[in-house]
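If you look up TrEMBL, you'll see Ser243, Gly244, Gly245, Val246, Asp247, Ser248, Thr249 marked as ATP binding site. Summarising the annotation, TrEMBL assigns domain 'GMPS ATP-PPase' to 215-416.
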Amino acid sequence: MGSASAASLPTSAGAGENLVLILDFGSQYTHLITRRVRQLGVLSLCVSGTAPLSSLAGLRPRAVVLSGGPHSVHAPGAPSFPDGFLGFAAAAGAHVLGVCYGMQLLVQTLGGAVEPGVRQEYGDMEVDITAPSSALYGEAGDRQSVWMSHGDEVVRLPEGFEVVARSVQGAIAAIEHREKRFYGLQYHPEVTHSPQGMETLRHFLFDVCGIKADWKMQDVLDEEIKTIQSMVGPDEHVICALSGGVDSTVAATLVHNAIGDRLHCVFVDNGLLRYKEQERVMSTFNSDLHLPVTCIDASEKFLSELKGVKDPETKRKIIGREFIVVFDEFARMLEQKLGKRPEYLVQGTLYPDVIESCPPPGSGRTHSHTIKSHHNVGGLPKDMKLKLIEPLKLLFKDEVRKLGSILNVPESFLKRHPFPGPGLAVRVIGDVTAGNALEVLRQVDEIFIQAIKDAGLYDEIWQAFAVFLPVQTVGVQGDQRTHSHVVALRAITSEDGMTANWYDFERQFLVDVVKKICNNVRGVNRVVLDVTSKPPATVEWE
């Protein structure tokens with residue numbers, strides 16, 4: 001998994017006294033640490049573990065967490081924090097907690113020894129707390145069940161460190177050096193498989209580090225409004241790209257609160273929207289949100305540019321580029337009307353978008369494996385004339401919904417399932433313009449989503465949608481042999497979209513939905529269900 005560049009963080013992000021900095025060394029669980037800390041009411045920011053020290057200038061963390069990672073500290077090119085980092089942490093008075101790889105990295109850097117484990121430990125493991133006066137555990141008891149995931153183990157501690165917990169197999173599971181404020185856990189306290197892990201994090205942050213739970217959405221709102229007002233001059237105008245989703249709507253409402261009628265929203269119909277999406281969304285904007293919105297139908301241009309294109313990344317880049325072309329044209333139109341050209345573009349980019357579009361330390365790239373290019377952050381042309389305003393880029397989806405609630409965005413709108421920036425282009429596998437793929441997909445998706453709503457399941461599910469597959473199979477319909485399309489249904493549960501489980505529908509619900517699809521959508525004779533979690537799959541198919 002990736003991490004945001006520290007250099008891209010707003011200076012206000014680290015100005016508070018209760019910041020927790022997460023250094024990402026590539027663990028699939030790093031984002032969970034970030035979320036768990038925030039759930040405790042403390043601002044946490046995830047940055048690359050290998051970012052240069054200069055990029056952390058201005059940040060004054062009270063605690064730094066060194067994440068896990070898939071590497072061995074012995075491997076050539078294994079990621080490490082920058083030279084001078086430990087001095088930076090000491091100068092800030094920060095407590096440093098190494099988790100898994102992070103603990104091994106801390107030990108090796110300080111002169112201890114890490115070697116391949118005689119018995120590697122993966123999965124559930126019991127650990128015994130061996131130091132009754134441990135700062136890490138407080139009054140936690142003598143034994144805990146935790147989630148281990150390591151092949152190497154610490155075999156010799158640096159001077160001044162104490163072992164405070166061991167696995168039942170004898171491996172060092174937790175260490176601390178109270179005087180220098182160094183701590184380490186060989187297991188992952190952030191995952192639910194470590195039942196007392198949250199309590200350990202809570203104890204570490206509040207009792208050991210003395211951090212206060214003072215991070216609130218109202219403060220985020222106030223800070224963002226101030227930031228936007230200082231960024232956008234009193235006579236400058238701003239364009240906002242509205243998609244009809246929660247993120248862009250909350251971003252638009254926030255910016256509208258900051259600068260009023262100098263915000264000009266545009267909703268682009270790119271030909272990749274869901275069934276009747278344009279009329280439904282425009283109605284909501286006008287009647288419920290009272291946002292000034294211009295609708296531009298650019299579907300013909302988008303689809304002509306996508307004709308024959310099958311590669312997912314190429315599709316995303318084309319869509320991102322075409323959006324900017326539309327926004328630039330809209331800006332020119334506004335310039336003629338206002339006598340002044342808008343300088344800024346608002347986008348509803350979220351923290352997961354930023355994280356998933358960056359490269360991991362140790363991957364051989366400048367730092368996380370790029371899972372996908374998000375058009376908000378990965379598909380923008382280098383010569384774009386508009387400057388970006390991304391007021392939500394440090395927030396997860398559930399945090400955006402809380403912010404939207406404070407801004408009085410209707411609850412029904414905030415509960416809408418996420419919809420990807422590239423729209424149905426990533427739900428039609430291959431060429432989106434081939435045959436009647438888009439029309440078939442819209443009809444199937446509408447039947448599926450309406451059935452979920454009718455069954456009272458919509459709010460239980462994070463995201464549900466249909467996928468059009470470039471496959472035709474033999475079927476029998478009306479006593480005749482058919483050779484028709486296959487569609488897939490996907491529904492997931494999740495907290496933030498970073499990890500997800502598939503939703504386990506009752507059998508009769510699926511029987512009824514499949515019957516409705518095959519009876520009502522011409523050209524479909526087979527329906528399959530996606531029962532893959534994330535990881536190993538992503539939420540979308542492309």
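Using the three backbone atoms N, Cα and C, a Cβ is placed for every residue, glycine included.
Val246 (ATP binding site): 24 other CB atoms within 10 A of its CB, across all protein chains.
Neighbouring residues of the recorded ATP site, listed in sequence order and excluding Ser243, Gly244, Gly245, Val246, Asp247, Ser248, Thr249, comprise Leu242, Val250, Ala251, Gly348, Arg416, Phe419 (Cβ within 8 Å of the Cβ centroid). For Gly244 (ATP binding site), the same-chain residues 6+ apart in sequence whose C-beta sits under 8 angstroms from its C-beta are Phe267, Leu273, Glu277, Arg280, Val281, Thr284, Phe419. If you take the C-beta of Ser243 (ATP binding site) and look for same-chain residues 6 or more apart in sequence within under 8 angstroms, you find Phe267, Gly348, Phe419, Gly421.
Summed and averaged per residue, pLDDT over the domain 'GMPS ATP-PPase' (215-416) gives 84. For the binding-site residues given as Ser248, Thr249, the lowest number of other CB atoms within 10 Å of the residue's CB is seen at Ser248. Cβ neighbour count for Asp247 (ATP binding site) (all protein chains, 10 Å cutoff from its Cβ): 23.
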